[in-house]
Structure formats: C-alpha cells, structure tokens
Amino acid sequence: MEPILLVHGGAGNITDARCPGKLTGMKQALRVGIKHLIPNNDLSEGSALDAVEAAVGVMESDGNFNAGYGACLNFEGKAEVEASIMEGSELKAGCVTLLHDIMHPISVARCVMQNTKHTFLGGEAAQKFALEHGFEQLPENSLITEDARLALEEFKERQASGLDTTFARTELDVKQDSGEQEPGTVGAVAIDCNGNIAAATSTGGITGKVSGRIGDTPLLGCGTYADNLQGGVSTTGHGETIMRFNLAQKIMSKIRYEGKTAQIATEEACKEMTERLTGTGGAITIDAHGRLGIYWTSHRMGWAYVKNGEIFYGIDHGKQFKEQL
C-alpha cells in the first residue's frame, strides 16, 4: 500500500487574512507527519498512528488553528480542549475532553489508549491522568491567543444584542466582517504501507460555549473513526450538528454498505447532514484502498495531503494547488 497522510485545518467562514497561516501550518504538519509514515533506513516500517499524532501535534502548537495553542474560549474565558485518536487494526482508541493548559491533548488521548483499559477520560480525572503520565501543565491561560479573546468579546456583544450565536466564531481576526461562524478543528488521517489506517482529531470547541460543553471531536463515530476494513475519517464543523448526525460513521457506512468511494461517501454524507440539520461541516477520509475523500459544506475548509513526494492542498471549493514536499 502506498503511504498517504491527509490533514484538515478546520471548516467555517475562514477569512482571506487567515488562509495563508492555515495553509502554511497544514503543509508543515505534513512535512513532520510524513517522516513517521514513510519506511526509512533504520528499518522502521512507518506508522499511520505515529503520523497522525505528529501531524495534529504540529497544528496544536500553531495559533492559526482552533486546537491547543489558539483554542477558542468558553464563556468564562478559559480554553477547554479535547481530542481523539483511533487505529484501524484492532479498533483501539483514546479520547479526552475538558483538559486545560496542556498543549497536546492528542498525545494525552493516545496515552489513554495505550496505558489504560479505558477509551475515554474527561475533566479533572483526565487532567490528573495527563500530569501523572508526564505531560506538562503550562501556566494558566498559556493556550489563549489575542484572536481567541477577540472572538469571545464579539460573541458576548452579539449575545447582548440579541443576535443568534448558535454558530459562534472561531476564525476571528481584526479584519473580519461581522457574521456567523462555524467552529474549526484540526485532524489527520493516514494509511501506511501495511494498509493500517489511523485518524486523529483535536479542537478547542466553540467560542462562548458553556463550561463543561463537550463537542463531537472526542466522540468515536462523530469526530473520528478508523477501521482497516473500511477507512478512516476526521471531521470538522458545528459540533452539535456533527454529533446529532454521527458524521464519521455515516461516511464509513456508505463505504461499507453502499460500496461508495471515499470521495462520494464523504460528499454525500456532508450534504445530507447540512440538508437535514442546517449546520455545516466537512470531513477528510481515506478508504481501505487508499482512495481519498475531501468535502465540506461550510464556506471554506483547509485541507492538504502528501503522496509520492508531492503536497496537494486547498481551502476553497474547486481550487487545488500542489508543490514538492
């Protein structure tokens, strides 16, 4: 099987000003992640699981994304982050939610998968687990960026004016016009030379969310899923909508039961979700044959993948670019 690494950087009303940072960040995530995927001279066969964790970790450290550093804020002005990771050979997974002041929730999720008999930890128990396993707790509010603060201020102003805040901003910058905004997320899907598939997703959630709110990202079948027999998916968009529609599993079902390709399954499921529930979002998919699916119903979604030493990427419908790795 030809190794492929595919990432997304969130779906929503991403402004022109934020596009360059997202595209640069995704390409950097690919350059780091692919090193874990391609077999090398030290006899490493390459690992899809290592690749998706590494790629997502790069984006968690980048303030251009709503995950880790740069995560959006809850109503109290705090960043509560969450993530999930899954591998497709034995269907093992790890999920965490309501972590604070920890840069890489995706690595905590993998630690849960590999060091416990459980799949999902949340809140203070997850925080304690992370610290006991060597993850650094940063100084309070270290994950908060100025853009995240501005997004929360604008959310509160809209709420005070009686405007609808169902789809709160998370892509705010100082040049952005007013309007509604779906939340973004980061994610990665990979298939290695042995046909093993892995998926990972990480987010800061929705601006102005109630403290303790949990989104689709840490939920298997909603934000993340991987199965070597079918494929792997990472989703992004309005969490409440994705949860109610069970987007990742809908895509997997179209591949398994309807014989759809990754692209057709992803496009159909995203369109059906928005037609049924109004909220928008997107997904990236790799099926068991190594075919890709990339689609979104939001205004924009950042995506990129590396294959045969070339990076393919885009953020607008109908526009694709490529460059050498």
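Including glycine, each Cβ sits where the backbone N, Cα and C put it.
TrEMBL does not curate its annotations; it predicts them automatically.
If you look up TrEMBL, you'll see THR185 marked as active site, nucleophile.
The feature substrate binding site is assigned by TrEMBL to ARG213, ILE214, GLY215, ASP216, THR236, GLY237, HIS238, GLY239.
Around ARG213 (substrate binding site), the same-chain residues six or more apart in sequence whose CB sits under 8 Å from its CB are ASN74, GLU80, GLY205, ILE206, listed in sequence order. Each of the binding-site residues GLY215, GLY237, GLY239 was assessed for Cβ neighbours inside 10 Å, and the highest tally belongs to GLY237. Here the CA atom of THR185 (active site, nucleophile) lies 11 Å from the CA atom of GLY215 (substrate binding site). Around the Cβ of THR185 (active site, nucleophile), the same chain contributes HIS8, GLY10, ALA11, ASN66, ALA67, THR201, SER202, THR203, THR217, GLY223, THR235, THR236, GLY237, each under 8 angstroms and 6 or more positions distant in sequence.
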